[in-house]
Structure formats: C-alpha cells, structure tokens
Amino acid sequence: MISQSNDTVLNCNVNLNHCDHPLSSQKISPADLSSDALFTFGAEYPADLDYRVELSRRIALTFEDADQIIIFDDIAIQILGSDSSCFANLRGYDRSLLPALWLSTGFRSGGRILVYAPPNPVELRLYLKMKVVIEKYLQREVHIEILYENSSGCLYELIRLFQDNPQRYTILCEEFAQRCPKEFYPEYHIYMLKRHFETITKNTRRSFVFPYHMTEWHQLQLENYSDRLLLPDIPKNDKAEHHFLLKSNGFTALPQMIAVSVDGTLIEDYDGYIENVEQLDPAKTKNTSKNIEIFARAIIQAIDNLYSKHRVASFVKLDSSGAGGWSSMAPNDHPVMYDFDKAQKERVSYLQKHIEQTLEGELTLPEMAVVEEFIEPQKRSGDIDADYTVCGFVLEGKFFPTSISLCGTIGGMYIEQWTSSFPVDIKDSSVYWKQMFQTYSDMVALEATKLGYKNGIYAGDLFVMKDNQHKQRDWNIRRGGRSSPESLTIFGIPNYETRVTLQMSDFGLDGTMDNIELFRIYTKICERLSQDYGMYILSSAYGYCGKDNDKGDILKFNILVHPKFLTYIDQHGQSHMLPKNKHPYLISAGLAGFLWGPLSDRFGRKIILLVTFILFLAFTIVCALARTIAVLLVFRSLQGAVICASFVVGQSAVVDIYPPEKIGFAMGLFLVPLLVGPIIGPFIGGILSSVFGWRSTFIALGIMTITATLMIFFFVPETHPHLVFQRLSRKLPKNSDDKNTKAAFNVRETDIIMKPRFIPPWRSLIFLFDMTLIPHIALCNSNFSILFLLFTVMSNRLTEKPYLLSPFSIGLCYIPTGIGSLTGSICGGWVSDWSAKRFPRAIEGRLIFNLIGSFLCPFGLLLCGWSFHFNLHLAGPLIGSTLFCFGETFMFTSTSAFATIKKPTMAGTILALISSIGFLSSGIGIIVIIPLFKILKFGYLFSILAAIIFLLICISGMVIIFQIRKSNLTTTHSNILKTTPSSHALIDQSKDIIPIQLF
C-alpha cells in the first residue's frame, strides 16, 4: 500500500489506512472484531483512527465502563524525594494533550487533562484544529477539558477560555510566566485532583486515572477515592526480572545477559534472581566506598564472564530498574572498563570512581546492574540503527499495538525518534512491523500471569539484528499508547521528534529580558515554525521556563517535524534522509540565522562581526581536531549558524556607508567575494585535502579567519549611524557658537530618533505583507532558489549520456556560470544606481532596468532545460545556465539595495529576512522539486519554473509602474529629503566637521 501521509498539522486529515486495503470490498468495523482479530487489525493499521477509537472504547470497558479518562504527565514523580533542583526543569514537560485526542473518544464523557501550566496559544490553536478534524469524521463532539489551577487555587477550563476570550488567555499565560519555579513539585497533579475532586469528576460515576507512570505512591494517595477512581496496574520496569522470566519460559528474542547484585552475586537465571531479591541485605545497598568496590568488581567480572562464555562484547547498565539512560555505560564512552588488555584493578578503579561521582549525594546504590550483550543492529536509511520502540496497551492480558518508532540514542540515552503510521515513511517493511508486534504479543502473554500486569500501557525497545532476529533490549512501560509522536500519526503525519535548546548567551541576550518577554519571543518562534514548516511544538509550557536554568536564559523547544524537512541532496541530485545526529543541529542552526540582522541593528555592525568570526574560528578549530563524525557534523552546523552573519551584517554596513545613489554598485562589489568563494573554494579545498589530508582545509580556514578577524578589528570601523553620531558628539565642545559645532549638535539631537534597539526577528515578517516589497523579494528569492537547484542537477546530468564528463570537467563547466554571476552582480549594481537617477521620483525607479534584465532568467532556464531534454550540445545548457546566473545576480543586487533604502533604519533586519527566506526556500525547493525530475524531465519542469519566474517578473513590473505613477501625485522624493533628516544627510552634514573620524 502506498503511503498517503499528510505533510503538516495545518492540512491534516484523519488516518483511515484500512479503507484502502486491496482485499477489502467494504469498510471494516473494528468494533465487530474479537480481541484476537483486533490485535491482527492493529498490527497492520496501528494508527488507523477507527482502530484507536475502538481501542479507547475497550479501555473504558476494561476499567468498569468508566465515564471519563483523567490524564496528566507527572514525570517528576520518577525522582520523587530528590532535591527540588532535580525536577525544577521538568515543570514545562507536558505531553498529555495529543494522546488525549484519541484516548477520550471511547469514553462517554470524554477526557479531562490536568496541566501544571497553560499550553502556549500556538500549541492550543493547532490542537483544537486537530480536535475538529476528528469530530468531523466521527460526526460527534469529543468532550475534552484542559484544567489549570492558578496560584490562587482557582481552576480554569482552558479550551473554553481560549475560544471565548483569546486575549484573556494570553494574559493568563503571562501571569503564569511570572510564577516562581519553586512552586512546582512532583505531586502537583495528584494534589490538584484531590483539591478539586468534585469539579474534575462532575457528572461522572467512574473515572479512569491515567498518570505518566503508575506507581504504588499513586495507589496510596488515591485509595480513599477507589469507589470513584480506577487505576491501571503497577508495571515493573526491572530489566533483569523481565529478561530471566521470559528466558525461563523459552522466549528467545533476548540478548545474552548477566545480572549483578549490589552484594556482588552474579545471576544468570530467574530462580537466582528471585532468591537474591528476597534475601538481599539492605546494608549492602548503602552508598559506601566498600559497597561500591564490591559492586564494581562484580560488574567487571561479569563483563569478563560474558566474553569468555559467549564471545560477545558487553554493555553495562548500572541500574536494572527502569529505562533511564543515566545508568548506561557505552563502550565508546567508557573504553577502560571494557579493555581486556588492561589490569583488572585499573578497570575496577575506573568504574568505582564513576559510580562514586554519578551517585554522589545519594543514600543508596542500585540493587542490581545488568551486563548484557552489546548489540550491533541492522542499519536503516540515513545511517540509523534498527533500534525500535514498540508501544501499545495491555487489556485483560492481551497486547494491542499503537505504534512503532525508530529511536536515536547516544551512549544509551534517548535523544530523538522517528514515528509514522506507514512503515514506508521511515523506509521500513510492513513485514518487520508485524513481526515486532507479534514478538510483543508473545512477550505480554508470558508475563501477564507471572508479573500480574494485565491492564495498562506497555512499551519497550527492540533491536533488529543483521540476521533479522529480534533482541529485546529494554522495558519502558510508561510510554506506550500515550506519547505525542504516536498520537500525531492518527492524522497520517510521519514525524521526527527532538529537543532544541537556544542559549540566550549565544546571542548576547542573557539577562536582558524577563520571563514575559522570553515567553513572547517563544510564542513568536512557535508561530513561525508552525506556519512556515507545519511543526508541532509540544510541551510548550517550556516557554515559561526561560530563566529556570542556572547557566543562563534559554528557550527550549520540543518539536515534532515532518521528516521531509530533514533531508539532503547528494552529488547526483538524489534526496536522502539526513543522518540522525545531524537533524537537531539543522533545526537549531535555522533558528539562529534569523537573529544576526536584528542584533546588528541593536548593538552595531563591528561587534557582531567580531563575535561571529571568533565563534567561527573556535568551531573551525574543533572541526580540525574532531575525532568522530558526530563532532564534525555538530560543529560544521554551528559554523554555518554564525558565519551567515557576515553576509547579513556586511550588507548592512554597505548600507550605512554609501548614500542611496551609490549603494547599488557598492552592493554589487560586496557580493563579488561571496560569488567567487563557491567557485574557487572546492578547487582549493580539493588540492589541500589530496596533498595534506582533510584536516588541512580547516587549518587553512582557521588561518584565513584569524586574518579576517584582525583586519576587521584594526581597519573596519563601526558604521551604524547612531554609534557614529555618538562618537562624534562626544568629541565636540558643549558650549560654542561655531557653525560646525551647532551642526554637530543637530546630529546629537537625532539620538532619540535613531537610537538602536533590538528588533525581534519575527518583527521583520511584517514586511511580507508590504505589497511594495514582497513581489520583488519573491522574485529575487525564487531566482535564488532555482540557482541552487540548477547547480544541484547540472552536476548529475553532466555525468550521464551523452556528456559523460569527469568531475574535473564538470568543475570547469561552472566557470561560465561564475563569470555570469560576477558580471551580473557588478553590472546590476551600476545599472541600479543609474536607473535611480533616471527615475528619481520613486525608489522603485532603480529596479526598472534590472527587472528588464531579469527576463534572461526564464530564457536561460528554457535553453538549459530543453538542451538537457533533447541531449543537445554542451554549449546549450552552459549558455542557458550562464544567462540565468547573470539575470539572477543582476536583479538580486538591485533588490537588496532597494529594500535597504526603503527601510534604512532596519537594514540589518530586512537583509536578514531576505537572506533567511532565500536559503530556506532553496533547501525546501530542492527537496520538493528534485523528485519531480523523475516524472516531468528537464524540459517540462524547467518550463514550469520559467513560467513562474515570468509571472513574478510581470507582477513586480506592475507594482513598479503603479508606484512610479503614484509618486507623480505626491511630493517628490527629493523634496522629502530636504525636510526629513536621514542618516546619509546627517553624515554629509557632519563631514564638514571631522570627516576623518567618520570611518
């Protein structure tokens, strides 16, 4: 079956996989299926909405036909009893909203969600949109309430408040942003339920309570309400217990394992495990040096035994209970303890010190560790390990699937995951999925009686080996059926989940904003991510917690994004999934790129250039010394995040220095190095790599960066007009009748008007609604995106028949396009300035002749595309691509100059907007358009692109004509300059005083 998945939450529909089943002559009704048949159905269609609704109904029936579900995410309970600093950063962690969408459908009275903080308005708006989608399909209301208690103990129903009075809801959010982190405590949700019990259970007879992880503490706290509240069974997450129980019953999908008791006993079977648990001396669990040494020595012995008996490498988890990554000790991170060539004493000493440091301040040690076989799984697309999380529900001892996810881990710690309703969306096979679900069904059937776990959620981590055998690695029974990624799949949306943290200190903003300002920034970024990329921001209460971190202000995002935004294009123009360790840094680098322009408008050009060049140098040094590909990828991404400032801030400096009549040509000259770099860079880098090795390219880059930084420090002045004026006025006498001095004080009076301030990046988005700007920006960035596409596909096409060029010959083919770009940039700038003099009444006058020149772009696309299509002589595509490159830079230069003259006080901000949109649209355009080449071929697709560019040129032309005609009915631009001080007029005025100190 072909995946018909949706792209984003903005255009989602319900997932009804079974309706397209080739063997189905009519719609299947899961409600008519037996338990065994429902499992079979769920194993094939785990994200099908009809299946999820029926599963929810059976959950309600299992728990005495409960009227409603009460769901909350009390993850801090897992560290109950610890110091409050351990869980303060969890107060924004809430993933209950999305699961409640489908879990509430099977309960007569729906569901109530208890939250510590009101969800961000952006998340709540998207959430309600998806709720409406479900209700339209079911043709009935799904009753859901989100309940929040403010600091006065008043209970709010947030959905109703948001729908009735969005402004009041925002005020409520900002009020919460001012609450102290110390108000958060692990027991909050349960105590909230007890405080408002009658309100939360209103109009219901029985309620099913669904916490993050059911514990004995929950059972104890709610035992007085047992006539009204029903709870799931208490799960057991002890890895050793599960492993040995299953092994004793003939279950084979398990790695080799030895459990290590804290008293030094090595355990290899279920009877030995039970005996040790029952007879363990509590004194052995005390956190003392002697006990740690016994524990460490036994673990090292288990590593040796596992190798001698089974000839397998080991992986140690210091705590058998739970799936927490803190206790994982991966061989790559701790090679000493796995090195058989080292003395046992040295290995034991290393492990002993690690345990002492890890458990410092804890009163007790873990009762049991596990030493298991180090698993080397298959690889999936994008160099992802075949490490799966299998999730579902257990009802009356029967397993019902809900999802399978691919997980990304580092050193045993979870960092990301990919989830989909279709195996094909994560490059998987439906056969694999059915086999994994069957493995879990068999496992649950064995455990239900022995462990007494018959009703609740169920999940674990499963490896698929190179021989296609399964190896059950961990049990994480708190996640199944209630995670946000698997809930999003009911809308047919595959998704990638990760967490991104922006340190405000990286942008020089640490401590400059209060929590309300941080919340507003967070909201705007969420709005941008959701509107432009269809991302879903879950746990959005993080937006209130910007000041919780001891290391400085942060913005933390928990993101679900469609995997199509996480791909790269190889040298043959083929789209591939990015390696798992590159995804988070792609997102964080994209977020960072929007800040440099506004920061330069606030703090000045020179300081931002110096800071970013120093950061770039530091990242380059790390790249040169990198020992792993992960480190290299991380810091290469960080290089991109900071060096983009040179493009944006450099153009802003050009705007500061040159008057409007010269800015076009100056901008053209500025772009020359940026156009030369991509042409000669690969050539020089290739020579260095082949002669001295790949690290030499970073060494050379570091030397050039040091040189550029010193040149900026000593020779490049601060050009921001306000800072220039400040410097001038400080050097003038306060009392003087001199005409020049008075003129200087006129400059000083502009301080209030032109005082720089930080303009949040999203404020620049208002320019997208300015119809005098957006047509020209759209044309400019469309050409820019197609330029990247052209370079991407040319290298692939020239290796095919009839051209069959070598890599060196292909490199030579880029010389004409480089020449076209260079000449287009310089000529475009000069023509722009000349045109501005010819049509002085309107700023748009400088675009007229450049717009005419941009007609070369669609002509060049047609020539290049059809030459490739009909396999014509190489001269055809080379001439076509050269004409396109000339036309693209011919227009790009004038557009940049036009935009900065139109908005001179926000030059950095608007240039950042143009650059960011250009690069983002280029990446997205490549991802979207590359696959179309297989369908439409070169000629037809390039014709479509040429038609789009032609249409944009026409629209841009109409706007220019309208603005010029409009200017004839108003005061001319020259008269406006006579009555309104501008930065350039003020600079000209001050030149008569101290011209040498301007720059």
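Cβ atoms are placed via backbone N, Cα and C, with glycine included.
Annotated features, as they stand in TrEMBL:
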type	residues	note
DOMAIN	536-969	domain 'Major facilitator superfamily (MFS) profile'
TRANSMEM	607-634	transmembrane segment
TRANSMEM	640-658	transmembrane segment
TRANSMEM	670-692	transmembrane segment
TRANSMEM	698-717	transmembrane segment
TRANSMEM	765-791	transmembrane segment
TRANSMEM	847-868	transmembrane segment
TRANSMEM	874-898	transmembrane segment
TRANSMEM	910-933	transmembrane segment
TRANSMEM	939-962	transmembrane segment
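In summary, the transmembrane segment (939-962) does not lie against the transmembrane segment (698-717): fewer than three C-beta pairs, each 6 or more positions apart in sequence, are under 8 Å. Looking just at the domain 'Major facilitator superfamily (MFS) profile' (536-969), the mean pLDDT is 74. Looking at 607-634, 847-868, 874-898, the range that has the most CB pairs within less than 8 A of the transmembrane segment (765-791) turns out to be 874-898.
Remote same-chain residues near the transmembrane segment (847-868) are listed as 776, 779, 783, 786, 790, 797, 824, 828, 831-832, 834-835, 838-839, 876-877, 879-888, 890-891, 893-895, 898, 938-943, 945-947, 949-950, 953, 956-957, 960 (criterion: CB distance under 8 Å, separation of at least six residues from the stretch ends).
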